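A.B. asks: Not my notes, these are from TrEMBL:
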- Asp112: active site, charge relay system (ACT_SITE)
- His175: active site, charge relay system (ACT_SITE)
- Ser502: active site, charge relay system (ACT_SITE)
- 4-81: domain 'Inhibitor I9' (DOMAIN)
- 104-535: domain 'Peptidase S8/S53' (DOMAIN)
- 611-703: domain 'Subtilisin-like protease fibronectin type-III' (DOMAIN)
Amino acid sequence: MQPYIIYMGELPEARTSIEDKHHSLLMAAIGDEEIARQAKIYSYGKSFNGFAARLLPHEVQKLSDEDAVVSVFANKKRKLHTTRSWDFLGMPGTSGSRNSKVESDIIIGILDTGIYVNAPSFGDKGFGPAPAKWKGKCVKGANFTGCNNKVIGAKYFNLENAATGSVTPADDDGHGTHTSSIAAGVAVKGASFYGIARGTARGGASSARIAMYKVCWENGCSDMDLLAGFDEAIADGVDLISVSIGGPSKDFFSDPMAIGSFHAMKRGILTSCSGGNDGPTEYTIENVAPWIMTVAASSIDRKFQTEFKLGNGASYDGLSINTFAPKKQMYPLISGTLAADTSHQSYLNASACEYGSLSQHKVKGRVVYCEGYFGQDDTIKQLGGVGLAASGDSLADVDVAFVMSMPGTTVSNKDGEKIDRYINSTKNPQAVISKTRTAKMNAPFIAAFSSRGPQLIALNILKPDLAAPGIDILAAYSKLPPVTEDPLDKRHATFNILSGTSMACPHTVAAAAYVKSFHPNWSPATIKSALMTTAVPMKIKDEFAELSSGSGQINPVKAVHPGLVYDITMRSYISFLCKEGYNGTTIALLTGGKKKFNCSSFRPAHGTDGLNYPSMHLQLTDTNASISAVFYRTVTNVGSAKSLYKAKVTAPEGVSIQVVPDTLKFDKLHENRSFKVVVKGGRVKKGTRIMSGSLEWSDSRHR
């Protein structure tokens, strides 16, 4: 028997007997009162309707056939998408143009690995009690002494009994502490990782409050726990939700991220999710529902360099985070190939320093050069080696500096070959690895690891939506785990440097909090629109263009005054779901209205995408077809009361883009104006994968 989630849509109007209803459904499917009681794992019923239970295949089928059930899906595991960033984005510090009083009433709910409340980033000096609307609580435990006025809530969900250590909201991984502090950590002067990247570390919404929902344990994040986290966070009164977790995209209402964020959106809460770390391949983007803000990872203008110097004076700039300063001028150097354990015939790859392939006698006291990097620092360290240089140009590694558990760095394949030649042509080869220093670089660009579009669920909604910093981000860390995954690493710190779309996601949730502090009544779609239409197109584009970056890098200060916004109402989402092929029964359950619901009685969703989305996207499934699309849009004036906007179009070669009308006149605030965009062209040229253009509305003050 395997755990399944039985999702039933919106809460019924009479909430008294929700658990009884779940039990009677289970009872009908299983046919035995006692077994049905034991089979149920959990009832969701604070913010949406559903339950989790252990089922056999025929019971799954029976429950799927029930009118009251939207979907039944197996409980799967998802994974984590593992400070200079705010200065680079131009965000004002604690003073400056901030609305700190309103901001301190904003509560950011974070679904993650827990939180280390004692980190300096979560100090609550100057914070008053939790906002009056807060209904959550702080669950204490052995290694978790409680919350404060900064971290106002902490709960955990362990429905699979997956935890091996203590079951509390404490962060024994570090990821949840890191993401929470990026979103809303207070400013900490002189923050660094063992002296590297020293400066002031601060969260984007440093006055906002944090509520942690621990849904991840050592073996990942289960769908059941994730949904329980959403169910509680929405009911507790959070204003925004940040989730740096993902898994393969599924049909919206068999996907816990899409389900949880849908019910959050219905209650005015915007959910921001990381887009995944499976780039740079196309079709890898995750968390793609249109009501989610899906985030790609971009660079900031700083990189970490670690010098690798040879005995002959040649030196190479490597990429790593090496906190160890050398104690000698030079150390003996050997390659994995020469350090191979020849005492037994082995199929292991010694040149790559695979575990078990090297001789301890040859490695001890030496720096080892390995081909390719996959975390061999642990291996070399166990054998008594004193340093590691690894070569590699694998796309996912070229822009990320990893924290090494011993003196180490990664170099390019070209430099690796030179190092190898030196080792093989020198009697006593030597080398030394310096402590890491920071260097400037051209930015922003999208990280190679960041997942790329297009998406596979709603083909004409562009994902990701936006990009935010996610490479080498210094932020708070938990003191419970060591700073690397090496169990022998003795270092524990309250700051660490991590990379991933996991780090990009809380940057955008903080930007949303910043916008919300000036416009408390804006809907989730309006805030998202403001961030998307004011984003800065990538300065350095890759071959996947907007499939990498969406609308571009967030520009939170500009987003406060977007001029025009694309709002999306609940009715619009329903028309969109009808167009996407969901039936009336399902939609009735999602909206929780009266039983009868008919898509044909609803205003049909017009155009290629059927949604008032702040980007326009067409996937051509037939490569021989001509380009043809029409997008219907409505903008709301949030700029100057009396204004005239003119359209400016940049079209790719061979495509005509027509905007009708091409001027929009507004007489007052919150007035709506509609237009359509007609895109036409011949067949796409052979070899062309992506064509992109832009539509800019400008009244000379807003773009």
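For all residues, glycine too, the Cβ spot is worked out from N, Cα and C.
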A.B. asks: Looking at the domain 'Subtilisin-like protease fibronectin type-III' (611-703) alone, can you tell me the average pLDDT?
C.D. replies: 95
A.B. asks: Measuring Cα to Cα, tell me the gap between Asp112 (active site, charge relay system) and Ser502 (active site, charge relay system) in whole angstrom.
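C.D. replies: Just about 10 Å between their Cα atoms.
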A.B. asks: Express the distance between the Cα positions of Ser502 (active site, charge relay system) and His175 (active site, charge relay system) as a whole number of Å.
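C.D. replies: Given the Cα positions, Ser502 (active site, charge relay system) is 8 Å from His175 (active site, charge relay system).
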A.B. asks: If you draw a 10 Å sphere around the Cβ of His175 (active site, charge relay system), how many other Cβ atoms fall inside it, taking every protein chain shown into account?
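C.D. replies: By my count, 25.
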A.B. asks: What does the DSSP secondary structure composition of the domain 'Inhibitor I9' (4-81) look like, as residue counts for helix, strand and coil?
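C.D. replies: Split into helix, strand and coil, the domain 'Inhibitor I9' (4-81) gives 28 helix, 23 strand, 27 coil.
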